[in-house]
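Asks: Copying in the features that TrEMBL gives for the protein in this structure:
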ACT_SITE  H536  active site, proton donor
BINDING   H536, N537, F538, H539, H540, D577, D697, Q748  AMP binding site
BINDING   H540, H576, D577, D697  Zn(2+) 1 binding site
BINDING   D577  Zn(2+) 2 binding site
DOMAIN    450-791  domain 'PDEase'
TRANSMEM  60-82  transmembrane segment
TRANSMEM  88-110  transmembrane segment
TRANSMEM  327-348  transmembrane segment
Amino acid sequence: MKNEVKSVSPLTSIDEIESENGTHHEVVKNKKRRRSSFKKKGAITKKLLIKFLDSAGFQAYMFVCLVLALFAVDVIALHSYGNDVTEAMNIILTLVFASFLAEMVLNFFIREDYSKLETVMNFIATFSILLDITWITELWEKSDGGGGSYERASRAARVGARAGRIGRIVRVVRLVRVIKMFALFFRCFRKDEEEDSMAPTNLGQKLAESISRLVALLIMITIWVAPMLTFEEFDESLSAWITVFDSHAQNNATTFQLEPVVTDYYDFIMDGGLLRPVELNIHGDYWDWTEISGGYTPRKKDKITLQDNSGLIVLKLDSSKKNQEDAMLNILLVVVVVVELICFIALLNQTTSLLVVRPLERIFTIIRINASQIVGALDIEDSDEESEDEKEVDEINTIEAAVQKMTRIVKHVSGGGAQGSQIVQNYIDDANIDEKTKAWLVNQYDGSETVAETPAKKKKKERKFKRSIIAYDNVDLDFLNSWNFDVFLLKEEEMFSYVRAMFMELGLYEAGMVTDEILSNFLKEVRKNYHDNPYHNFHHVIDVTHGVYRILRLTEDRLDLTEYERMSLMVAAICHDMDHPGVNNAYLVHTLDPLAIKYNDSGVLENTHVACLYSMVTTKPNSNIFVNIKDDKVWRDMRKNIIGCILHTDMAHHFKMVSQMDVFFELHANVIEKKDNPFTTPDDRQFLMNMVLHSADISNAVKPFGIYTKWANCVLEEFFSQGDKEAAKGLPKSPMMDRETTSRAMSQVNFIEFIVGPLYLNLVKILPELSELAITLLNNRKTWGDMYIEEVDGKSMSSMDFNAREEEKAKCTNRYLKFKEKFEPVMEKMEELGFASEQLLKRAGIQKKERPNPRASVIGNLARRASISMGK
C-alpha cells in the first residue's frame with residue numbers, strides 16, 4: 001500500500017519500484033554469485049593442495065627430509081667430516097626445516113581432521129631441527145658469553161646433546177604419517193580387490209594412526225623425563241686439573257717443576273678417556289701432543305678449548321672419539337624407537353583389524369545385502385576429485401547414515417500395533433491436544449490392514465495430446481488446470497464436460513482407452529449411484545477426480561504412468577464413493593448394518609463402492625468404461641489397481657499410509673532429489689496410485705480458503721447428521737459429530753494437523769511438484785487457528801474465565817508454530833531443488849535460512865582456525 005501512494009501516477013510508481021527492486025535484486029545476485037565463485041575457487045584450491053600434499057612424489061620428498069633430519073648430523077659426527085660438509089648440511093637442514101614448516105602450516109589450515117596433538121608435536125619436531133643447524137647454535141654460544149671456561153663449555157655440551165637427542169626422537173613422530181601414506185599407496189595396488197567391499201577400513205586405520213601418535217608421544221616423554229628423575233654424574237676431572245695447573249703457576253713453578261704434573265695429567269686423560277689432549281699452555285710454558293694424538297679432525301666441533309678465568313692456562317682437546325660415540329648412540333636410539341614404533345603400529349593394525357574393521361565389514365556387508373535399498377539411498381559415489389580425508393569421512397558417515405535410516409524405518413514397523421500406530425500415539429501423547437481430539441483420533445484409526453495388490457508390468461506407450469471439440473465444450477482450460485477449480489460453480493452437464501476434458505488431457509482418448517460416447521454414458525450412470533448427501537455426493541467425486549488429474553499432470557514428466565494406470569486412477573476417483581449412505585464405517589458396524597455384516601466389518605463402505613462399480617459395468621454394457629480393454633490380463637491388472645486404490649481411501653489405513661510414505665522417502669530420497677522416478681516396481685506403482693487417490697480424497701484443506709470453507713461446511717453438516725442419527729438410536733455421538741459442542745474452527749485445525757498435514761508433508765517430499773499445496777495448507781491452518789482464537793474471545797466461549805482463555809489461545813498458537821516447524825525444512829529443501837520459489841515460501845512466512853557451506857574455502861578455514869586460536 002505504501003508503494004501505491006508514493007506517486008500521483010500509479011503505473012509510473014509501480015514501474016519505478018519494479019525497476020529499483022530489479023536493480024537491487026541484480027546487485028544481490030551478483031554479490032551472491034561472486035561469493036559463490038570465490039568459495040568454489042577456494043574449495044578447488046584446497047582440494048588441489050591436499051592432493052599435492054598426499055601425492056607420492058611429495059611424500060617421498062618428505063620422507064627423505066625426515067631421514068636427513070634424523071640421521072644427517074650424527075652421520076657427519078660419526079665420520080668427522082670437515083666444515084665444508086657441515087656448511088652444506090646447514091643449508092640442507094634449513095631447507096628441511098622450511099619444508100616441514102610449510103607442510104605443517106598448510107595441513108593446519110586445509111585439513112579438517114588435523115588434530116591439536118598432531119599440531120603441537122609437529123611444531124616441536126619442526127623447530128627442533130634448528131638445534132642441529134650450527135649457524136643457530138654458534139649464535140647461541142656467543143650470546144652466552146663466548147668464553148671458554150670449562151663450566152660454560154660443559155653446560156653447553158650437556159644441554160646441546162640432550163636437546164639434539166630429544167629433538168630427533170620428536171621427529172620420529174612424523175614417521176606415523178609416513179607409515180600412513182605408505183599404507184595408502186599399498187592400498188592403491190589392492191584397489192581392484194577392495195573396490196566392491198564398501199568396508200569402512202579407514203575407521204581402523206584412523207584409530208591406529210591416532211593411537212600411534214599417542215604412543216610416539218609416550219616414548220618421547222619417557223626418554224625426555226627419565227633422565228630428569230636420576231642423579232646426573234658430572235666429570236669434574238678437567239676442572240680439577242686446570243685448578244692444579246693454576247695453583248702451580250701461582251707458585252711460580254718452572255717448566256721442569258710442571259713437567260711431572262703435566263705427564264700425570266696426560267697419562268690420566270689417555271687412560272681409557274674419550275678426550276685426547278693436543279695442546280697445553282701454562283703461563284707461557286707450552287706442551288704439544290699433536291704428533292702423538294694424531295692432531296685434530298677436519299670437523300670444527302671436534303676441537304675443544306678450555307681456559308681458566310685469567311686466560312693464562314689454555315687446554316686444547318680432541319673430542320672426535322667422544323662425538324663419534326655419542327653419534328653412534330643417537331643413531332642407535334632413533335633406530336630402536338623407529339623399530340619399536342613400526343612393530344607397535346603393525347601389531348595395533350592387526351588388533352584393530354581383528355576387533356574393529358572385520359566386524360564392521362561384516363555389519364556393512366549385511367547392510368548391503370539385506371538392506372540394499374537403504375545403502376542405495378545414501379548416494380555413495382566415489383569422486384576422483386575428493387581428497388583421501390573426505391573419502392574416509394564419507395565411508396564412516398555412510399555407516400552412520402544407513403543406521404539412522406534403519407532406525408527411522410524400524411520406528412514405523414515396530415511396536416505393539418500395526419504400522420502407523422506410532423504416529424497416532426505421538427499425537428495422543430502431545431500435551432497440547434485436548435481429550436476430545438484424542439478420542440477422535442482413536443476413532444479414526446483402528447489398525448486394520450489390507451493386502452496390497454500388485455499390478456502386472458505394463459508396456460508404456462508414447463502419448464499424444466490431441467484436443468477434441470466434443471470433450472472441450474464449456475471447458476475453461478485455465479480453470480481446469482489450476483487449484484482454483486471450484487466444482488460448486490458448475491452445473492451437472494458442465495461437470496461431465498470437465499471430466500471428459502480431463503480424460504482427453506491425460507491422453508486416454510488418443511490411446512484408445514475409451515471413447516467419448518462410452519465415457520459420457522458411464523458418467524451418467526455413475527451419477528445415478530450417488531446420493532444427495534451433504535458431503536459424499538457427486539460434487540465431491542468430481543472434486544476428487546480433478547485432484548487426481550492435477551497430480552497426474554504436474555508429475556507426468558517424472559513419473560510417466562502408463563495409460564492403463566492413468567485410466568485406473570481416474571476410474572477409481574470417479575467411483576470411489578458410489579452408493580455412499582452419508583455415514584462412516586463405524587456407524588455401519590455399530591448399528592449392525594447389512595453392509596457391515598456382508599463385509600465382516602472391514603472396509604465396509606470401500607468394498608461397497610468397488611462392488612457397485614463392477615456390478616454396474618457388468619450389467620450396463622453401454623456404460624462399460626472397460627469395453628475397449630480387450631486383453632484379459634490388462635483388464636485384471638486394472639481391476640487390481642482400482643480395487644487397491646478405492647480400498648485405501650478407508651481412513652482406517654490413513655496412518656499406515658503416512659508411515660509407509662515416510663519409509664518410502666527414506667529409501668528413495670536420493671532418487672527424488674535427482675528428479676528421477678522412484679516408482680519403478682509394480683508394488684511401488686500401486687502404492688503411488690493408492691497415495692494419489694487418498695491424497696485427492698482429503699485435499700479440501702490444500703485448496704484456496706474460499707473453496708475449503710465450502711467443503712468444511714459440507715463435511716461438518718454430514719458429521720452432525722450422523723451424530724443426530726446416533727443420538728436417535730441411543731448411541732453415544734462420535735467425536736466431532738455433536739453439533740452442540742463441536743467447534744467448527746477447531747475441527748478443521750485438528751483435521752489439518754493430524755490427518756492432512758502428515759500426509760501432505762510426506763506427499764510433498766515424495767512428489768516435490770506439489771510444493772504449492774503445502775504452502776496453501778499452512779496458510780489455511782493459520783486462518784482456522786485465528787478463527788478459533790476469535791471463537792475463544794467470543795460469546796460461544798463465554799463460560800471460560802480469562803486465564804483459561806489465554807491458555808487456550810496460547811495452546812492454539814503453539815500448535816501452529818510446531819506444525820509450521822515440521823514444514824519449514826521440507827519447503828526449504830524444495831526451494832533448493834527448484835520446486836518452490838522463495839516468494840512461495842514467504843507466502844507462508846517461511847524465511848529461508850543461510851546454510852553453511854560443507855566444503856568451506858581455504859580462506860574460510862583460515863579465518864575460522866585463526867579465531868579459534870586467538871580465543872584460546
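Each Cβ is built from the backbone N, Cα and C atoms, and glycine gets one as well.
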Asks: Once the chains shown are all counted, how many other Cβ atoms turn up within 10 Å of the Cβ of H576 (Zn(2+) 1 binding site)?
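Replies: A 10 Å sphere around the Cβ of H576 (Zn(2+) 1 binding site) contains 29 other Cβ atoms.
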Asks: Grab the pLDDT values for the domain 'PDEase' (450-791) and give me their mean, rounded.
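Replies: Averaged over the domain 'PDEase' (450-791), per-residue pLDDT gives 91.
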Asks: Where the record says H536, N537, F538, H539, H540, D577, D697, Q748 bind AMP, what is the longest distance in Å from one Cα to another among those residues?
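Replies: Across H536, N537, F538, H539, H540, D577, D697, Q748, the two farthest Cα atoms sit 22 Å apart.
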Asks: Rank the recorded positions H536, H539, H540 by the number of other Cβ atoms within 10 Å of each Cβ, and give the residue at the low end.
Replies: H539
Asks: In the structure shown, which of the binding-site residues D577, D697 has the fewest Cβ neighbours within 10 Å?
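Replies: Counting other Cβ atoms within 10 Å of each of the binding-site residues D577, D697 gives the minimum at D697.
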Asks: Let me check the 10 A CB neighbour count of Q748 (AMP binding site). How many other CB atoms are there?
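Replies: By my count, 26.
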Asks: Can you tell which of N537, F538 has the most other C-beta atoms within 10 Å, given these are the binding-site residues?
Replies: F538
Asks: What does DSSP assign Q748 (AMP binding site), in three states?
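Replies: Once the DSSP labels are grouped into three classes, Q748 (AMP binding site) ends up as helix.
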Asks: Give me the Cα-Cα distance between H540 (AMP binding site) and H576 (Zn(2+) 1 binding site), rounded to a whole Å.
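Replies: Pair distance, Cα basis, whole Å: 10 Å.
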Asks: Can you give me the Cα-Cα distance between N537 (AMP binding site) and H576 (Zn(2+) 1 binding site) in Å, rounded to a whole number?
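Replies: So the alpha carbons of N537 (AMP binding site) and H576 (Zn(2+) 1 binding site) sit roughly 11 Å from each other.
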Asks: Looking only at DSSP and grouping its letters into three states, which state does H576 (Zn(2+) 1 binding site) belong to?
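Replies: It is coil.
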